[in-house]
Structures are given as structure tokens and as C-alpha cells.
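Per Swiss-Prot, the features are:
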{"type": "REGION", "residues": "1-27", "note": "region 'Disordered'"}
{"type": "COMPBIAS", "residues": "10-25", "note": "compositional bias 'Basic and acidic residues'"}
{"type": "DOMAIN", "residues": "28-122", "note": "domain 'HTH La-type RNA-binding'"}
{"type": "REGION", "residues": "188-368", "note": "region 'Disordered'"}
{"type": "COMPBIAS", "residues": "219-228", "note": "compositional bias 'Basic residues'"}
{"type": "COMPBIAS", "residues": "229-240", "note": "compositional bias 'Basic and acidic residues'"}
{"type": "CROSSLNK", "residues": "Lys237", "note": "SUMO2 cross-link"}
{"type": "MOD_RES", "residues": "Thr257", "note": "phosphothreonine"}
{"type": "MOD_RES", "residues": "Ser258", "note": "phosphoserine"}
{"type": "MOD_RES", "residues": "Ser261", "note": "phosphoserine"}
{"type": "MOD_RES", "residues": "Ser273", "note": "phosphoserine"}
{"type": "MOD_RES", "residues": "Ser298", "note": "phosphoserine"}
{"type": "MOD_RES", "residues": "Ser299", "note": "phosphoserine"}
{"type": "MOD_RES", "residues": "Ser300", "note": "phosphoserine"}
{"type": "COMPBIAS", "residues": "316-335", "note": "compositional bias 'Basic and acidic residues'"}
{"type": "MOD_RES", "residues": "Ser337", "note": "phosphoserine"}
{"type": "MOD_RES", "residues": "Thr338", "note": "phosphothreonine"}
{"type": "MOD_RES", "residues": "Ser351", "note": "phosphoserine"}
{"type": "COMPBIAS", "residues": "354-367", "note": "compositional bias 'Basic residues'"}
{"type": "REGION", "residues": "410-442", "note": "region 'Disordered'"}
{"type": "CROSSLNK", "residues": "Lys410", "note": "SUMO2 cross-link"}
{"type": "COMPBIAS", "residues": "428-442", "note": "compositional bias 'Basic and acidic residues'"}
{"type": "DOMAIN", "residues": "450-563", "note": "domain 'xRRM'"}
Amino acid sequence: METESGNQEKVMEEESTEKKKEVEKKKRSRVKQVLADIAKQVDFWFGDANLHKDRFLREQIEKSRDGYVDISLLVSFNKMKKLTTDGKLIARALRSSAVVELDLEGTRIRRKKPLGERPKDEDERTVYVELLPKNVNHSWIERVFGKCGNVVYISIPHYKSTGDPKGFAFVEFETKEQAAKAIEFLNNPPEEAPRKPGIFPKTVKNKPIPALRVVEEKKKKKKKKGRMKKEDNIQAKEENMDTSNTSISKMKRSRPTSEGSDIESTEPQKQCSKKKKKRDRVEASSLPEVRTGKRKRSSSEDAESLAPRSKVKKIIQKDIIKEASEASKENRDIEISTEEEKDTGDLKDSSLLKTKRKHKKKHKERHKMGEEVIPLRVLSKSEWMDLKKEYLALQKASMASLKKTISQIKSESEMETDSGVPQNTGMKNEKTANREECRTQEKVNATGPQFVSGVIVKIISTEPLPGRKQVRDTLAAISEVLYVDLLEGDTECHARFKTPEDAQAVINAYTEINKKHCWKLEILSGDHEQRYWQKILVDRQAKLNQPREKKRGTEKLITKAEKIRLAKTQQASKHIRFSEYD
């Protein structure tokens, strides 16, 4: 009994050790690639090319006395978040870095060498690329341009509103020679591309950019249509194949199966069966899907049988003959090659060699497809800068002409208002009086509404009041309303009228209003009225003090031009009504 219990304990111990080993194996994590990616990313951030352009990181280094930056700052970057959020793992990855070094605690890093001055030949080493794919990223550009040399920095501008790439990028190389090589080898713009290079998109702030996804969706729809058509063609071919197979199977079934029937059959019956077989062969060869290249007679028989038929069938027959001739040529070549190989060695060895050759050819074709020419336009940055200057000069000229046209339109409109039918002195005096009244009204508006007692009516409802427009319309049917102070969902509101008489008229018409709406109406007076007038002034001041977007330069001109264009279109679209007497 003791021996049995001892054996059981040993078995249990062995099982537990095995389980521990399995757990240890599972715990082991492979982080070589992650460590390499972390080291590469941090080396780029602290490299000369990036630090000369990255103001934020440069300021963080300059703030510290020793030039150290906390690893927690790197963890806050989005690209590092994708790799890891563990500071210890980052420290482990940077131990053998050639660009940065760790402090004694392993929580901070700094550059090994101090940052020098910005190189003067930066623009000469940089190339401008356009006609990029819509979903372009840094890794794609690095893979394409890495063939020409060591890529130091990549800049892909994006739209702020949508986040889509603008369709161009800047690639900085290590040397001028590498940049020149990239311009020489990768500058292959397609025929459809515009003649002049350079994309200078100018969009108004907060204005939606024409979505690129719409174009992509259209392309996807086209692809789907193409696939559907292909599938339909394949189905049609399969149906044709099925019909041909069924016809062949029918002919096979018609043949005699028993041996007794074969002996009893006469010679004329054999001749008929031979003719039927020939017809079957002709039918099989007439189908474009089933190619029988070895049987040359079938194609000639097809030509003889299909000659008296219609023109459409003749065209089909020509295509079939072409296919048959191509297949026969291929077979001839194979026959010649097999005859030569018979002299040299066995047929099996030759077939193996042929298959190998075919595989090699396929692989070569695939490699060629992989090394296809990418349709890009590549220029030097200095050339792009010249194009940018040209574009800005054109923009300046166009804006100047737009400014002139706007001023001309304004002057013409003023002339039209002033000129017209010759006016009397009395009419002129009336005009001047009206102008003075307008000026006084403008002054009043500038100071705000003046205090008038008995003008404000308070409206109370058991349910939430309808919209401001509906309240205004119901009150305006009785007397003129200047303003309705109402927030959405409120049960109380205030209406301001022009004169106390107008407010009193609304109170008098309470019975009419109460039929449609269950409202309580009262004119404010005393302290309540004074408090409300103070509220009006405070609200007005708050509204005036709100920050406004200042439109300047090209934006201001474009908005003015748009307003003029809209006014002209509205005038043009007006319906001209003729009276009965015209």
C-alpha cells in the first residue's frame, strides 16, 4: 500500500512540474521586433533631420539642464502608444542605441551628441512628389524611395478638416546624389496627368473639402459591375460546357452496351454509327470553350458545314478556326521538342524539365509585374519653390483684379441709385430728411433699446411654449412686435412692443388668443419691469463682447465676391410678371 501511494505522489509531482514548464513556455514573449521598432522610432525622433523640424521636442530638450527627456513623454506620443506603453521596455530597447543614451535610473534619455546648426543643403537633398495614392503612408514612401538611397525624413501634408492626404509629399535623402537618382528613376508621370506640376490647394477655413471617399466608392461600384459581368460570362461558358457534355453523354448512351447486340448488328449500321461519331466531333469542336487542336480535320469540316449559314455564324467560325490553328501550332512545337528529346534522353525527364521551365517563366512574369513602373511625378524642392512663387504671384494678380471689379460694381450701383428721373427740390429735401432719420436710427441701435414703460408683456403657459416664430406670428396679428425673448422648451417668455398702446391691444385681445393657446398675459410694471430692462442691457453687452472671426485678405475678398454673385443670381432668377394691360 505504501509503495502504491508513493508512486501516486511521484506521478502527481511529475504532472505539476510539466504544468509549470508549460506555464513558463506560455509566459515567454517574443519582443525582438517590438524592441527594434521602438529603437528605430526613438532614433528618428532624436535624429538631426527630425529635431530641426520638430519644435515641440526641441523645446522639451532645451528646457532641461542636462538635455534629458522623460520616457513618459515618449509614451504619450501616438506612434509609441501603438508599439508599447511600458517605459521599462522602451529603456531596454534604447540600451544599445547609437543616437540616444539613458540616465543611471533608466527613466530619462538624451542625445549622445549635441544638435548642430540646420544644414544649408536641406532643400537640395529634398524632392517633391505628387500623384500619390489616396491612402499613402510613410512606410509606402520609404519602401518606394528607399531603392534610390537612404530616406532621412518624409513629410505628408494632410487636410485639417478631414485628415485625408493632399496628394503630395516631401522626401529628404541623406545626399544630393540620392535625390538626383530619385528624380531620374521615379519621375514617371502618366499621360493623363496635368502638364504643369505642382499642387497648391487653397481651401477656405472650416469649409468641407470635396470628399475623396465618394470617388473611391464610385471606383468600387465599377469594380463590382466588372466582377458581375465576369461572373455572368463564366456562368454562360459553364452552361455551354454542360450542354456539350450532355450531348456527348447522349451519344454514348445510344451506343449498344451488350456483346450480343454487337454481334447481331450489320455492316450498314456500323457505317451509320461512324457518321454519327464524326458529327459529334464536329459539334464538340464548334464550341469555343472545348478546344481540340490535335484533330485538324474537325476545323475543316466546321468550315464546310458552316459556309452556307449567316454572316454572324461565319465570324464565330473564323474565331474557332483561329483558335484551332493556334492550338495546332503549339502542338507542332511540342511534337518537335519531344522528337529532339527522344534522341537525348527519356520522355519523363524532358517533361519534368518543361514543367520547371514553365514555373520559372511564371515566376519571372510575377517579378516583372511586381517591379511595375509607379506613375509618380518627382521634382527637386528648389524647382517646386519656383512654381510656388509663380502660383502666389498669379493669386495676387487675380485678387487685385477681383478687388477692382468689386469696387466697380459698388460704384455702378451707387450711380444707379443717385441717377434716374430728374427730381424736384421738394423731392431732394425729402430724400435728405429720410437719410437723417436713418442716421438717427443707427445711433439708437448703437446705444441699444431705450427704456419705455408698459411695453413688455409676460406670457405664461402650463406647457412648453412653441417656437419663437410661432409666438411672434400670433402676437403680430394684433400689433407690431419688436422682439420675443424665448428659449426652447421654456414655459415663460417676454414680448417687447413698440408702444404701450400695442401692448395694451394684445391684453385686450386675450380672449381671442386664449381660444387657440392656454396662455396668461400680463404687462410688466414696477421692479419687475426695471429688472427685465437691466437684463436686456446685460444680454446685449454680452452679445457685443462675443469674439468674432475676423476675415482678412483673400478670404474677405472671396466672401464679398460670393455675396455679389448670389445677389446677381437672385435678380436673374426673379419671375417677371406682366400686367393684363401690357
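A Cβ is built for glycine as well, from the same backbone N, Cα and C atoms used for every other residue.
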Item to check | Within the domain 'xRRM' (450-563), residues counted as helix, strand or coil by DSSP | outcome: 54 helix, 22 strand, 38 coil
Next on the checklist: Can you tell me how many other Cβ atoms are located within 10 Å of the Cβ belonging to Lys410 (SUMO2 cross-link)?
Outcome noted: 12
Checklist entry - Averaged over the domain 'xRRM' (450-563), what pLDDT does the prediction give? => result 85
Checklist entry - When DSSP states are grouped into helix, strand and coil, how many residues of the domain 'HTH La-type RNA-binding' (28-122) land in each? => result 45 helix, 9 strand, 41 coil
